[in-house]
Amino acid sequence: MLDINLFREEKGNNPEIIRESQRRRFASVEIVDEIIKLDKEWRQRQFEVDSFRKEFNKLNKQVAQLKIKKEDASEIIQQTEKNKQDSTAKEAEVREAYAALKAKLEQVGNLVHDSVPVDKDEANNLVIKLWGEKRFSTPGLKLKNHVDLVELLGIADTKRGAEIAGARGFFLKGDGLMLNQALINFGLTFLKKRGFTGLQPPFFMRKDVMAKCAQLAQFDEELYKVTGEGDDKYLIATAEQPLCAYHIDEWIHPTELPLRYAGYSSCFRKEAGSHGRDTLGIFRVHQFEKIEQFCITGPNENASWEMLDEMMKNSEDFYQALKLPYQIVSIVSGALNDAAAKKYDLEAWFPSSETFRELVSCSNCTDYQARRLEIRYGQKKSNEQTKQYVHMLNSTLTATERTICCILENYQREDGVDIPEVLQPFMGGETFLPFKAKPVVADTKGKKSKA
């Protein structure tokens, strides 16, 4: 969430900056004034509580003095009792006022960076880079889609997966499992060489911690709830969530920064808002593996923006190593999630549909997440009036099943699929996956038959 001081003109800040950011997000501008009003109400109640406490201390001293003089203090004692009651009631008002303020504050997104293209429609994301040579079907070879290629190679069993796990369930099988592990091992090795520390996080999180890492809408549309003895928990939708909370309630000394983590995990998503989109094959599924870059920097100068460029370069170098054509887009302001000040997507080329599709999202969340999680910058000082928070960034390296789909389409041949050279050492030296089933083609009557 944002720093409440940004809403306070008396602190030398300009709330109009927040209003403008909200306009860029196509979100409520009125909420800024609502927060300013709630903040004033909360501080007024807090002032009243402080006044009660000062009065209580004053009365207590009077009681002590009267007792020393062995004089009657009963009237003053009655006043202290009334003060306690009034103070308790006012403290309840303070808690209520703060809860209302915090609830509103959490609805305001991060400040949108000036370089973000302002638009509401993702169709207008700004293309900033193209890499690689796009492949197209030729008269001699009609390129197949990833759904058909998975079936022809026999690398996943979606029929039995759906029978056992429900819609979009699947088994990775044989070379499919090996290819998935090859991507994981290549990705982790790739990041280790770039100074990243590997972390495999828990696959579920406590609700109170998840609430500090995920938006409210994600609980309904994305997260699976795990019930059992004790507190409710939620399955992670990305390693970003547990990595985000890894340093919760800690102070991080400047000498420790930057921190670079390579999170590897299975991920679980309900995908409630994606009915009818990519429901076949293994492109958009409820359970998948992902390697996530997660980095923490200091809040000063351009440290986090330089890290954003570094993380984006890592992703580009990874897909260049796989020789998959891609484009980089800057996401429009209206499509940013609340935490992101700026976000890039890397979209790779899928030849069968002749379109680019998202494989990577890379965001700078500045101090928005760290403030909620109380991950502070520097070292604790007893006399410090203001706290600084670290900046946190996240980026996909590879969601492996989705990357496999892209590899299959770009590396297909008439009789199978080549294995990218960088993955071959992780595949026992295999260089080619032959089709195990015969391709399906249309016969002269328009019906499908085996070739």
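Just so you know, glycine gets a Cβ as well, placed from its N, Cα and C.
Under the heading L-serine binding site, Swiss-Prot lists Thr238, Ala239, Glu240, Glu292, Thr396. Around Thr396 (L-serine binding site), taking its Cβ as the centre, 25 other Cβ atoms fall within 10 Å, counting all chains.
Sequence-distant contacts (6 or more apart, same chain, Cβ under 8 Å) of Ser361 (ATP binding site) comprise Lys343, Tyr344, Asp345, Ser395, Thr396. Sequence annotations record features per position, and here Swiss-Prot assigns ATP binding site to Arg269, Lys270, Glu271, Val285, Glu358, Leu359, Val360, Ser361 based on similarity to another entry.
What Swiss-Prot lists as disulfide bond is Cys213-Cys244, and the listing cites experimental evidence. Cβ neighbour count for Cys244 (disulfide bond) (all protein chains, 10 Å cutoff from its Cβ): 29.
Considering only the binding-site residues Glu240, Glu271, Glu358, the Cβ with the fewest other Cβ atoms within 10 Å is that of Glu358.
Under the DSSP three-state reduction, Val360 (ATP binding site) is assigned to strand. In three-state terms derived from DSSP, Lys270 (ATP binding site) belongs to neither a helical nor a strand segment and is classed as coil. Sequence-distant neighbours of Glu292 (L-serine binding site): residues of the same chain at least 6 apart with a C-beta under 8 Å from its C-beta are Thr238, Ala239, Glu240, Leu243, Ala262, Gly263, Tyr264, Ser265, Asn394, Ser395, Thr396, Leu397. Across the residues annotated as binding ATP (Arg269, Lys270, Glu271, Val285, Glu358, Leu359, Val360, Ser361), the two Cα atoms farthest apart lie 19 Å from each other. A distance of 22 Å separates the Cα atom of Glu358 (ATP binding site) from that of Cys244 (disulfide bond). Neighbour counts were taken as the number of other C-beta atoms within 10 angstroms of each residue's C-beta; across the binding-site residues Arg269, Lys270, the minimum falls on Lys270. In this entry, Thr238, Ala239, Glu240, Glu292, Thr396 make up the residues listed for L-serine, with the farthest two CA atoms of the set 9 Å from each other.
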